[in-house]
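Everything on this sheet refers to the single structure shown next.
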């Protein structure tokens, strides 16, 4: 029985127009994914709803019957005409493909085919038109060589941050088609953090224990809100990147509150409420410097969201090939996520040095305990990444004597 592998390889490096209706549906799907992923991952989480959406849409392009219906239902597309979503994606690719000086954002898709395996020309054409996919012929019988070839493509598209993604064991004689998605983002903060202000601070993990972590500090004028709902108090902060096309939203529960209780509040409507009610003000910010690399198997997650048919031997993928025994065996995503102080020296607005004694009039946003985050593409209102930080990786503060802190 032939198999299809879906790989969504994502790299997010924080250095320094779909319609509104479509954005709303994408946000709802992103929240659904987060709620399911959080059930099986109790510590740090990082994943890309955009990446999962893309690989599912690549399958839907060739899916028929129940397989197509399940994908459309899970992606909240019941109220749109079949096929409309692909033209929305085409517009999205057009919106993000323009090169900008303020940031680097690369979104690449590739389709690897077994030599001699017949794939319908219409499907190949659709992948090029809607997903800008590169199409490559390989021999999966030589699993090791294929793994090296695809891993090299991933490494190149992610600027070398994700290496040796595949091993020969992941491909076999039944492998016929591998869909790969890679995302790379590198952006400078619109208002940067000064490295000399970073200090070692205790971070309280979810289990109550503490760990010393580098804490970035700045006094910035940015969007901020304090919310109180269902006996839960929490803060929401939005940090913009240069160019204002991307921003990072951080949700911080009040100290001592269970982050899982705040997670239960998250809905698409709630996110829209935060965005509309936050006000721009001066905020004293303390944010961990950290990096996380995570690989997530989404097969069980998608099963829980009622996408089951594509994983069965009898699914109808006749829009891809006439072979009657083709199915999806894996949906896996890997993300590299890093956030630090770096910003452009040419930035027009810079974080203010924080003295030892702060004015009590300032709002304080001190992320020294678990928090949630969302990265969005502002022009399309699309959620690119979502995650949770419960235990930041400890890093050295270069060029400073830590014993003196």
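From the backbone N, Cα and C atoms, a Cβ is placed for every residue, glycine too.
Annotation source Swiss-Prot lists signal peptide at 1-18, citing sequence analysis.
The feature N-linked glycosylation site is assigned by Swiss-Prot to 202 (among others), with sequence analysis given as support. Remark: residue 202 (N-linked glycosylation site) has 210, 211, 212, 213, 368 as non-local neighbours, by Cβ distance under 8 Å and separation of at least 6 in sequence.
Less than 8 angstroms from the CB of residue 207 (N-linked glycosylation site) sits no same-chain residue that is six or more residues away. Look at Swiss-Prot and you will find 207 (among others) tagged as N-linked glycosylation site, backed by sequence analysis.
What Swiss-Prot lists as N-linked glycosylation site is 306 (among others), and the listing cites sequence analysis. Residue 306 (N-linked glycosylation site) falls within neither a helix nor a strand when secondary structure is assigned with DSSP, and so counts as coil. Within its own chain, residue 306 (N-linked glycosylation site) has 70, 73, 74 as residues 6 or more apart in sequence whose C-beta sits under 8 angstroms from its own.
In the three-state DSSP scheme, residue 202 (N-linked glycosylation site) falls into the strand class. Residue 207 (N-linked glycosylation site) carries neither a helix nor a strand DSSP state and counts as coil.
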